[in-house]
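Q: Copied straight from Swiss-Prot:
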- 112-196: region 'Disordered' (REGION)
- 160-163: motif 'PPXY motif' (MOTIF)
- 202-221: region 'Disordered' (REGION)
- 343-391: region 'Interaction with host PIAS4' (REGION)
- 428-433: region 'Interaction with host UBE2I' (REGION)
- 432-496: region 'Disordered' (REGION)
- 511-550: region 'Disordered' (REGION)
- 559-629: domain 'Peptidase A2' (DOMAIN)
- Asp1181, Glu1219, Asp1240, Asp1310: Mg(2+) 2 binding site (BINDING)
- Asp1453, Asp1512: Mg(2+) 3 binding site (BINDING)
Amino acid sequence: MGQTVTTPLSLTLDHWKDVERTAHNQSVDVKKRRWVTFCSVEWPTFNVGWPQDGTFNRDIITQVKIKVFSPGPHGHPDQVPYIVTWEALAFDPPPWVKPFVHPKPPLPPSAPSLLPEPPLSTSPRSSLYPALTPSLGAKPKPQVLPDSGGPLIDLLTEDPPPYRDPGPPPSDRDRDDGEAAPAGEAPDPSPMASRLRGRRELPVADSTTSQAFPLRSGGNGQLQYWPFSSSDLYNWKNNNPSFSEDPGKLTALIESVLLTHQPTWDDCQQLLGTLLTGEEKQRVLLEARKAVRGEDGRPTQLPNEINDAFPLERPDWDYNTQRGRNHLVLYRQLLLAGLQNAGRSPTNLAKVKGITQGPNESPSAFLERLKEAYRRYTPYDPEDPGQETNVSMSFIWQSAPDIGRKLERLEDLKSKTLGDLVREAEKIFNKRETPEEREERIKRETEEKEERRRAEDEQKEKERDRRRHREMSKLLATVVSGQKQDRQGGERRRPQLDKDQCAYCKEKGHWAKDCPKKPRGPRGPRPQTSLLALDDQGGRGQEPPPEPRITLKVGGQPVTFLVDTGAQHSVLTQNPGPLSDKSAWVQGATGGKRYRWTTDRKVHLATGKVTHSFLHVPDCPYPLLGRDLLTKLNAQIHFEGSGAQVVGPRGQPLQVLTLNIEDEYRLHETSKEPDVSLGSTWLSDFPQAWAETGGMGLAVRQAPLIIPLKATSTPVSIKQYPMSQEARLGIKPHIQRLLDQGILVPCQSPWNTPLLPVKKPGTNDYRPVQDLREVNKRVEDIHPTVPNPYNLLSGLPPSHQWYTVLDLKDAFFCLRLHPTSQPLFAFEWRDPEMGISGQLTWTRLPQGFKNSPTLFDEALHRDLAGFRIQHPDLILLQYVDDLLLAATSELDCQQGTRALLQTLGDLGYRASAKKAQICQKQVKYLGYLLKEGQRWLTEARKETVMGQPIPKTPRQLREFLGTAGFCRLWIPGFAEMAAPLYPLTKTGTLFNWGPDQQKAFQEIKQALLTAPALGLPDLTKPFELFVDEKQGYAKGVLTQKLGPWRRPVAYLSKKLDPVAAGWPPCLRMVAAIAVLTKDAGKLTMGQPLVILAPHAVEALVKQPPDRWLSNARMTHYQALLLDTDRVQFGPVVALNPATLLPLPEEGLQHDCLDILAEAHGTRSDLMDQPLPDADHTWYTDGSSFLQEGQRKAGAAVTTETEVIWARALPAGTSAQRAELIALTQALKMAEGKKLNVYTDSRYAFATAHIHGEIYRRRGLLTSEGKEIKNKDEILALLKALFLPKRLSIIHCPGHQKGNSAEARGNRMADQAAREVATRETPETSTLLIENSTPYTHEHFHYTVTDTKDLTKLGATYDSAKKYWVYQGKPVMPDQFTFELLDFLHQLTHLSFSKTKALLERSPSPYYMLNRDRTLKNITETCKACAQVNASKSAVKQGTRVRGHRPGTHWEIDFTEVKPGLYGYKYLLVFVDTFSGWIEAFPTKKETAKVVTKKLLEEIFPRFGMPQVLGTDNGPAFVSKVSQTVADLLGIDWKLHCAYRPQSSGQVERMNRTIKETLTKLTLATGSRDWVLLLPLALYRARNTPGPHGLTPYEILYGAPPPLVNFPDPDMTRVTNSPSLQAHLQALYLVQHEVWRPLAAAYQEQLDRPVVPHPYRVGDTVWVRRHQTKNLEPRWKGPYTVLLTTPTALKVDGISAWVHAAHVKAATTSPARTAWKVQRSQNPLKIRLSREPS
């Protein structure tokens, strides 16, 4: 037996468990495959001597580790865990590694022990000192490090042994080498020594003293080793933070240990291993090795120098020599440098900025925290004088607001040092008022403010009453004087005054009381008017009586009316809205004037129901309640001592409600039970709990909230949107109220978001809404913990039927915001009246912030936790700010409500008294109506759904389904009912609303009207789930027992996925139960569930058939349904389809396992064993392989010795498709016979026996809802299975080497398939499906009309072959011709001429009867073409510069495609002007970057670098980026004429062609996915003949387009495919025979250009107006032509050039010209002038 060679790599693989354990100890994870790859492939390439079989050499491992840990792009971070694990195996080897680890070389013997010389003096900047020499009289200690071969150490001895074996005393030469510096001369300090933190110089200890350091002098004068005690290491590790948390503190600790303990190399490793993690230690060692400096004082990269100064393995330093001690000192210095460099975290000034002074934090303590932040998060030293300015600014800006503001106002701030700022801050801090003083001051200011406001209100009220009394007195005096004048008759009246005219001086602009001409002397006692002097006993005497007033609600706003029985009509003073054309004259004290009535009828409710309109009189001093409205209200006015009271006929105060006329019908509805109003005792007993009495709330137990931002977020500033004056005035009172309450405060912030005024429906009131979408994007997301309303009521037992519902008012405003987070929510506001012009921000949690609901919900849960503990018998449900309290009795509900209100008041929350529902048996909560342990849909919810109109767009349909989906628990079978609606919501689907959709729409609405009541889930009782399945839809009802009845809890329904929908009924029931059980779990909360269904599915779940279910689905169903602690199966029941509840009679029993066993493929007698009496035994095979870079495929049907059928398949055909085609062909050829067919394809065998039927049942869809591959071939195979009389499909192994019949037949079929794929060239056809039956002569059926037409043509009938022959070809009947041409047109939508040209280029093997007539009829009647094609326009054809060969001259343009899809909105179109070849790329933007990207990545690699590019003057083409790229590449970029699309005619025409084709394809396919249809449009454009009869495909590739090649019935006659050389020769001929004539034709057009326009200089033309107005001529002018170009004209009177297409000739009528002769001063000259006719 041979021996196996063991290598380090194989050794680790044999002990892989130990390797993984070692990796886990290093906090890393390794994989075996990558372990082998790195060891054998990666690390040998590092050129450090790593063998492919691995090694445990520590030096080589260290070199590899350095390579792996290299910073920047040369490092290998993915290999770090593997080299760290390998290093751990080498440095701490397990038993199976130790034999492979290289032993350490023995330490050289040291010199004899003598007193060491005094150590060299260190640099003043150094903080590390050599070991101290002890005195000679030191007591010897027992040994610590024994000899490797000696006995065990006696730890109880007194003195330790020396650290190294004693050696001979150093000679002079040794002293010169190791201690070269003289005794009195200190060596140069190392570069690292000057950089260490320690800068204090300690005196050199006396050689006679001894200290308890790890290296200390022994009794023999040598340095002895004292190890660290375990207690010291334990204390250091546990009393200090980790290196990752606070590297500075741990670095200072290690520095002090290095200074005081003088540790050796081994001690340093022990210290690092204890205080640092493995990863931190590796990072420190790597940084220390980087700090090693060479002889020139710069960091070196030489490995030998780095290993000498900072070795990774134990060095052989002799600490009794000066050389060894110097090495140790340098090692400690480098170690400290590594600690400092590794501890430097990346600069994060945001962390520094986040340090702010606390409310009660002293300035000195804050400064220390600020400096510590600078040390931790920046590389700057805060003690550095150069950083003092930055620290000072941070100290000022991040101090408390009051301290920061005062520090900013200090004089000569620049000259202040940090110490001066701290002293000033301390003074300000010490002068702060105490909390008690602050509360007292705020209370005093509040009282003073309230007192001032109260006094002002009283003064205003007194002034208002005085003014009203004075006006009423004037009115009554006027009435009295008028009556007196009427009685006197002959007395002259005073002249009538205007409303702004003075009654004293008759001047306008002031009244008599303000008249400057009126004497102001002391007034005498006024005589009392007899009419007003009332001699009443015990009355008011001469005091004015109180005016009768009543406050009514008009239009939702309270209006206080003055009851005036003398007024005929009621009056409003403010504008109530639009006014009608109806008006009336009103006679007042100052004269008469016409006023208008209100437009809208108003409906008032008092004791009765009345309709009324008001008179709008703005000049009236007070709104008046006249006799018209008082009469309708049956009002009664009582005069009492306290004043007049206006009541109804029953003595109750009048309550008036105003609403629009369109809501008048609601007044005639039947009255409902009156709601129990909130009693006054609840308001008075708990004033702090209500928003109406307690004011704005404040959660006293919640700390201010800090809103964390994302790491990369920056402030966003969005300007305020324009706001109308009406909206600004509407939200102004709200802003003022929030400012007075302190919820809004002025601020200055870099953040700003706009304010949106939202008008409340039905009123003129606005409310401010802030657009915080940009702020939400920049704030960290938190997990939402708001309860799900779907199952929130599951925690409400039906036994609790007394409810209290509270809605917290302004809930979010109860939580405070931290001052650091307040600037995030700033917005702009200007109010000149209040003196505000700047920003305001929120001091409370704002609305519109994405995390507000979660933050408030959690805060309220914490505050109400105590209430829940104290009242365990009550049920308290909380959904954000909506509270539901439930109890079993009215008394418990009242007591619990009182306790809850008291708790809310104490906590600082406020409830809305208007929305409160106190101790009722029927309440509304979260859109549900709760009553007697059941939940109902509210009428408002039903009306919302019923009021929605028929959807017109997918968005409206989604809104309807979302609203109705909220109510799906009340609708049995909602998923099945809404099935016709969901396909219309998909993107890219045509919205075609048909009868099915209308029926589903109405059924959902009808189901809502009959929605039943659902019981609340009782978690103390088990649940029953009745499940049924129908046509792929799962339906069920979740019930609970209520006495002898079953009460529904929820109706569940869901559509099964495409895979489950294709199963047999029994398995579909299993899927339905699984789906509904999962949904029911949201309501049952894990309580026991009994499943009842018409199928016995428990046995199916326990033993599911592997034919139908995958392992993953089987495991899922079993884990969900076989949980016996939660799910149980009941007996089989028959369900009522309407109610889904069990019927009283039993249903038909069946065995699901037996039915599934009988469920076979489409043919029940299909066998997989050979038939003994078969007529044929055939072998099929399909082959697909790569040859010369092209995938070739073929299929064959053979016997053991001969080929029955063989065909080459199109290039790219897969092997699975070829196998299906071969098997299908064999079945077709064996029609009506007994057949044994062998196939070596498991795919074809399984499809025929098992999977084909499964695919058919589920609609040939995958689990993702997409079509399966080879759909058409599978359908053809399933259809062909029924053709043979008897059939057996047998699977045989492929590529057998035996001599059996199966092996020979299989080899024959495989060889035939490969040969036919190599020998024959399949004809490409996109018009006919590969597996469809081609037209043959036997399928031709001629009609009488066909026979007549053929007789006229002179065709002959072949009676033997049974078809007509004309021109030597079989004649295709008219119907066949129509079907073929119609199918061709549906694919291409080419015109009549283009399609005819294609058919004539490559004649068909058949003669198509009436081809031209049929084709013309098809193209003319095509609906898609008629909707898209533009009408013809007679435009003269011009000439265009083209390239001389393909790929040299391109035209480029962007065209927009609507609607956008997947973000793509544009098409970038490239057209080769020579060949007409088109390239089009969907793009998301229309930029120069997109143009250059496609040009360099698509055009250049495939067609070469263009020479000329032609574009319009779009921004993407004239930009500097595009032009610069063109200049660098040497491309001549030609910009076409502006506003002239014809100059880019070729690409513009192609844009139209693409859009038309895409439109036709979307109409034909019903899909809106134009990105998916774009390749078909490009295929059509590339294969359409051009002006010269050649297609772009032919010009470019030299081959006929694949569109015109129809399949020949006899495929065996196809010639062999040409070789590569023949193809190249054909291309060469194309270049000479096609490209050169085309180039010559293009050049000939250029040589003979067409005259672009007939206009010449001097002609008169009209110029078109581009924008015409109403009744304005379309043409302007005429103008005279001054200059011309081939495309434009310069005319007199217009500065710009005018395109020739925008002008037309002006015809002038001949006019008779008259000339006049005049003399001049020169007798030899005369003047001729033309007179106008």
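Using the three backbone atoms N, Cα and C, a Cβ is placed for every residue, glycine included.
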Q: Note the Cβ centroid of Asp1181, Glu1219, Asp1240, Asp1310, the recorded Mg(2+) 2 site, then list each other residue of that chain whose Cβ lies within 8 Å of it, in sequence.
A: Tyr1179, Thr1180, Gly1182, Ser1183, Ala1222, Thr1239, Ser1241, Gly1294, Asn1306, Ala1309, Ala1313
Q: Determine, from DSSP, whether Asp1453 (Mg(2+) 3 binding site) sits in helix, strand or coil.
A: strand
Q: For Asp1181 (Mg(2+) 2 binding site), what is the secondary structure by DSSP, using just helix, strand and coil?
A: strand
Q: Can you break down the region 'Interaction with host PIAS4' (343-391) into helix, strand and coil residue counts using DSSP?
A: 27 helix, 0 strand, 22 coil
Q: For the binding-site residues Asp1181, Asp1240, Asp1512, which one has its C-beta crowded by the most other C-beta atoms within 10 angstroms?
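A: Neighbour-count leader: Asp1181.
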Q: Quick check: in three-state DSSP terms, what is Asp1310 (Mg(2+) 2 binding site)?
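A: DSSP assigns Asp1310 (Mg(2+) 2 binding site) to helix.
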Q: Just to verify: the residue among Glu1219, Asp1310, Asp1453 with the fewest other Cβ atoms within 10 Å, which of the binding-site residues is it?
A: Asp1310
Q: With DSSP as the reference, give the number of residues of the region 'Interaction with host UBE2I' (428-433) in helix, strand and coil.
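A: For that range the per-state counts are 3 helix, 0 strand, 3 coil.
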Q: Going by DSSP, is Asp1512 (Mg(2+) 3 binding site) part of a helix, a strand, or coil?
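A: In the DSSP reduction, Asp1512 (Mg(2+) 3 binding site) maps to coil.
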Q: Summarise the model confidence on the region 'Interaction with host UBE2I' (428-433) as a single mean pLDDT, whole number.
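A: Overall, the region 'Interaction with host UBE2I' (428-433) comes to a mean pLDDT of 82.
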Q: Distance check, please: Cα of Asp1453 (Mg(2+) 3 binding site) against Cα of Asp1240 (Mg(2+) 2 binding site), rounded to an integer number of angstrom.
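A: One finds 54 Å between the Cα atoms of these residues.
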Q: Looking at the binding-site residues Asp1181, Glu1219, Asp1240, Asp1310, which has the shortest Cα distance to Asp1512 (Mg(2+) 3 binding site)?
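A: Comparing Cα positions, the candidate nearest Asp1512 (Mg(2+) 3 binding site) turns out to be Glu1219.
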Q: Can you tell me whether DSSP puts Glu1219 (Mg(2+) 2 binding site) in helix, strand or coil?
A: helix
